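Participant: Here it is: the structure, laid out below.
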């Protein structure tokens, strides 16, 4: 068996990965779409000044996402990765259309909930798909596409939201626009490759070979199939029971995965994304300028991460990223300090926030959703991913719900110090628990992580 010495061409799998990351673009778009237009939506639908209703418009989406992510593993395993993308696009199209045409708050919430279910299925589907169709040599680079696409989605949503003050009912257009990429995703997926790992697990060996040929090129098929066969000695036929994921031999990887997502969310990143405009407003920076800055910081961090992911490795990026986030939070604590003069505090709070977003995008943002499908053995990959994403959504939901209230009760200094200490805990956790996966095949990683029977 001659082992392939050259790496497969990355361009063969490139179009498939790009279509898949459309779901991340949509994800980012819907995260940011109500940010700017929220005021005019509340005026048009008659719940202006009702902060609870405004909070619901933002967080119903997250509730839907939790439901979607709970089922995402079963969907991806049951109907395949490609169909999972189409099932992610469908509620996004229906939900966005509902939100765009509604006359009532209830209609808006139903639309947001439907969009949310799509947003819940998307991240696991794309993380699985990108991990399973990309060659090991560029898997990290392709994994960063997910984060970059999410960034671009956020930026496009904020950009399209700019004319919302000038034109009555412009927010309806903001929702309509999102149906275009969603429709494209649903159609384009029909022409993309199915994940060979999934096909192999279904016992469709010949099809798996054909897809490997499309993704890696003819000369690499044999080697890829041998790698797949190494691990799979027929134990895939039995279904994965939930109990296996919570205790039993897979508990450790699921624990690492869930904790990484929990730490990522508790670091305060979404608080920054959701409420950046109000923080900047108090510093006297107009919100559109602020959002542009945040977007640029996020995007540049993600692009740097893409370039470093397969060179420095995932663990290094995670460690430095969380460390940088802790420092940035402490800068914001200093900014909130009464001893600091007005203008200095302004520069510190804006600078700290931008530095936080930049360092987040370097590692804590892109790495978990790439690392987890790498460290999960193939038979539990989709289900374990679903559980970790659900943890992510539950925490995301509560952060979104409680952040402003906590800010009022505790004040910025205490709250930001808490975020900083979570980031430092994350550094310790990563150092102790995370293994380096760059350049290894999924099979090698799996062998390295499985407890010796």
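Each residue, glycine too, has its Cβ placed from N, Cα and C.
Keep in mind that this is a model prediction, so the values were computed, not measured.
Pulled these from TrEMBL:
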| type | residues | note |
| --- | --- | --- |
| TRANSMEM | 12-32 | transmembrane segment |
| DOMAIN | 16-438 | domain 'Major facilitator superfamily (MFS) profile' |
| TRANSMEM | 52-72 | transmembrane segment |
| TRANSMEM | 84-102 | transmembrane segment |
| TRANSMEM | 108-130 | transmembrane segment |
| TRANSMEM | 142-164 | transmembrane segment |
| TRANSMEM | 170-192 | transmembrane segment |
| TRANSMEM | 253-277 | transmembrane segment |
| TRANSMEM | 289-309 | transmembrane segment |
| TRANSMEM | 316-340 | transmembrane segment |
| TRANSMEM | 346-372 | transmembrane segment |
| TRANSMEM | 384-407 | transmembrane segment |
| TRANSMEM | 413-430 | transmembrane segment |
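Are these features on the surface or tucked inside, and what touches them?
Facilitator: Mean predicted confidence for the domain 'Major facilitator superfamily (MFS) profile' (16-438): the pLDDT average there is 86.
Long-range contacts of the transmembrane segment (108-130) within its own chain (CB-CB distance under 8 A, at least 6 residues past either end) are made by residues 16-17, 20-21, 23-24, 26-27, 30-31, 34, 41, 45, 56-57, 60-73, 75-76, 81, 84-85, 87-92, 94-100, 102, 139, 142-143, 145-146, 175, 182, 195, 369-370, 372-373, 381-382, 385-386, 389, 393.
Away from its own ends, the transmembrane segment (142-164) comes close to residues 10, 13, 17-18, 21-22, 24-33, 35-37, 40, 123, 126-127, 130-131, 134, 170-171, 173-174, 177, 273, 288, 291-292, 295, 298-299, 302-303, 305-306, 309, 361, 365-366, 369-370 of its chain (Cβ-Cβ under 8 Å, at least six residues beyond either end).
Residues 55, 58-59, 62-63, 65-66, 69-74, 76, 120, 123-124, 127-128, 245, 250, 253-254, 257-258, 260-262, 264-266, 268, 270-271, 274-275, 368, 372-373, 376, 415 of the same chain sit 6 or more residues outside the transmembrane segment (384-407) yet have a Cβ under 8 Å from a Cβ within it.
Away from its own ends, the transmembrane segment (413-430) comes close to residues 259-260, 263-264, 266-268, 271, 315, 318-319, 322-323, 325-326, 329-330, 332-333, 336-337, 364, 406-407 of its chain (Cβ-Cβ under 8 Å, at least six residues beyond either end).
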Participant: Counting Cβ pairs under 8 Å that are 6 or more apart in sequence, does the total for the transmembrane segment (346-372) and the transmembrane segment (253-277) reach three or more?
Facilitator: yes
Participant: Residues sitting near the transmembrane segment (316-340): Cβ under 8 Å, six or more positions beyond its termini, same chain?
Facilitator: 263, 267-269, 305, 308-309, 346-349, 351-353, 355-356, 358-360, 362-365, 367, 371, 411-413, 416-417, 419-421, 423-424, 426-427, 430-431, 434
Participant: Relative to the transmembrane segment (289-309), which of 12-32, 84-102, 170-192, 253-277 accounts for the most Cβ pairs at distances under 8 Å?
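Facilitator: Against the transmembrane segment (289-309), the leading stretch is 253-277.
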Participant: I'm a bit unsure how to read this: which one of 12-32, 170-192, 253-277 has the highest number of Cβ pairs shorter than 8 Å with the transmembrane segment (84-102)?
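Facilitator: That would be 170-192.
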Participant: Short question: which residues 6 or more past the ends of the transmembrane segment (12-32) have a Cβ under 8 Å from it?
Facilitator: 61, 85, 88-89, 92, 96, 115-116, 118-119, 122-123, 125-126, 129-130, 133-135, 142, 145-158, 161, 178, 181-182, 184-185, 188-189, 192-193, 214-217, 273
